Amino acid sequence: YKSFSEAPIVLPPALLPSPRFQELLSSPLNPILAICLPLLIPPPISQNLHFSFPISKMDRPRFVIPASEVESMAEESNLSVLQFLPSLVNSAKRLARPPISHYHVGAVGLGSSGRVFLGVNLEFPNLPLHHSVHAEQFLLTNLSINAEPHLRYLAVSSAPCGHCRQFLQEIRNAPNINLLITSEPKSESDQFQPLSSFLSHRFGPDDLLAKDVPLLLEPHHNGLTFLSETQFPSCNGFSDGYEELRYAALEAANKSHAPYSRCPSGVALMDGEGKVYKGSYTESAAYNPSLGPVQAAIVAYVTGGDGGGYDKIVAAVLVEKEGAVVKQEDTARLLLKAISPKCGLKVFHCSSA
């Protein structure tokens, strides 16, 4: 068969189990059908075919599926929503960007709203490995970007590393999140299990924070304002763009989850078409699994962009507190220089009200 963005798929009649299936294949594939098609072809045939999202400009990958569509697709596949969830993992894997390890990881989560979210791993050549974004980190950032209040179920292609099991603890009632690993033998992986069974003696927010402190995915209002509101001069014709990015980054900093260091920060990126992508710094009680604001903004770029490379990022703004004990500027410059050398970065400082 050809690329989904080029032509419809043609399969022998023997492989078509129903007239409805033939009807679906009679028109070019859309992003949702692309991730569902393996469900419509009976095994073992489906195990020998590979499916992916179309990544054309008109049909870009979708990392969020509305609840109504999730229910409809599960019903058409004669599956419950929970049975449907792990079937999306392989398609999520194909959206990963791991140029160093070439090890693709996909995570698919069901939020309390009924929406489904995708997460993938990202790696950045010519940088230390700790700049990488794990699929579970990507997933939670995707939930946060889309104001999803809670993660209920998580299906992932490989067992979460200790880093990610720890990062998941930043969600309230994290031990009750239900997890399924799709790469395990069927007898071991056909049931969701609580996260507490994967990290039984956990260390997390409960050990360091008061009960009323907002956790990840909960509303944050950090009360940050710029130290100076004076108009800054034009720079390479990007004056208006940087001004917009400046306030977008401040908004991201005000939503930052940084209760341990009290050093919230935010980043806003702009692509060549003027579209803005915001990312908030997210801390972990264990410190090292924390996710930087540039990485969070890159997640927004991957989920909200057209599937293009990072070199399309042309401008960036970082907002962080003056005199912060946890600073992002140097590592932000290092990361942006590696992925998009022509991207300009401006840094603005703020303070708590």
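For all residues, glycine too, the Cβ spot is worked out from N, Cα and C.
Residues or ranges marked as domain 'CMP/dCMP-type deaminase' in TrEMBL: 80-206, 240-353. The substrate binding site feature in TrEMBL is assigned to Asn121, Leu122, Glu123. According to TrEMBL, the feature Zn(2+) binding site maps to His134, Cys161, Cys164. Among the features that TrEMBL reports, active site, proton donor is placed at Glu136.
This view paints the features noted in TrEMBL onto the structure.
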{"residue": "Asn121", "record": "substrate binding site", "Cβ contacts under 8 Å, 6 or more apart": "Ala96, Arg97, Pro98, Tyr103, His104, Val105, Ser132, Val133, His134, Ala135, Phe138"}
{"residue": "Leu122", "record": "substrate binding site", "Cβ contacts under 8 Å, 6 or more apart": "Ala96, Arg97, Pro98, Ser132, Val133, Phe138, Gln295, Ile298, Val299, Val302"}
{"residue": "Glu123", "record": "substrate binding site", "Cβ contacts under 8 Å, 6 or more apart": "Arg97, Pro98, Pro99, Ile100, Ser101, Leu129, Ser132"}
{"residue": "Glu136", "record": "active site, proton donor", "Cβ contacts under 8 Å, 6 or more apart": "Ala107, Gly119, Leu154, Val156, Pro160, Cys164, Phe167, Leu168"}
{"residue": "Cys161", "record": "Zn(2+) binding site", "Cβ contacts under 8 Å, 6 or more apart": "His134"}
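DSSP classifies Glu123 (substrate binding site) as coil under the three-state reduction.
Report note: the substrate site is defined by Asn121, Leu122, Glu123, and the residues of the same chain whose CB lies within 8 Å of the CB centroid of those residues, excluding them, are Ala96, Arg97, Pro98, Ile100, Val105, Val120, Phe124, Ser132, Val133, His134, Ala135, Phe138.
On the 0 to 100 pLDDT scale, the domain 'CMP/dCMP-type deaminase' (80-206) averages 95 in the predicted structure. Cys164 (Zn(2+) binding site) is surrounded by 25 other CB atoms, counting those within 10 A of its CB over all protein chains shown. Sequence-ordered, the extra residues of this chain that approach the Zn(2+) site, with Cβ no more than 8 Å from the Cβ center of His134, Cys161, Cys164, are Ala135, Glu136, Gln137, Pro160, Gly162, His163, Arg165, Phe167, Pro289.
If you draw a 10 Å sphere around the CB of His134 (Zn(2+) binding site), it holds 22 other CB atoms from the protein chains shown.
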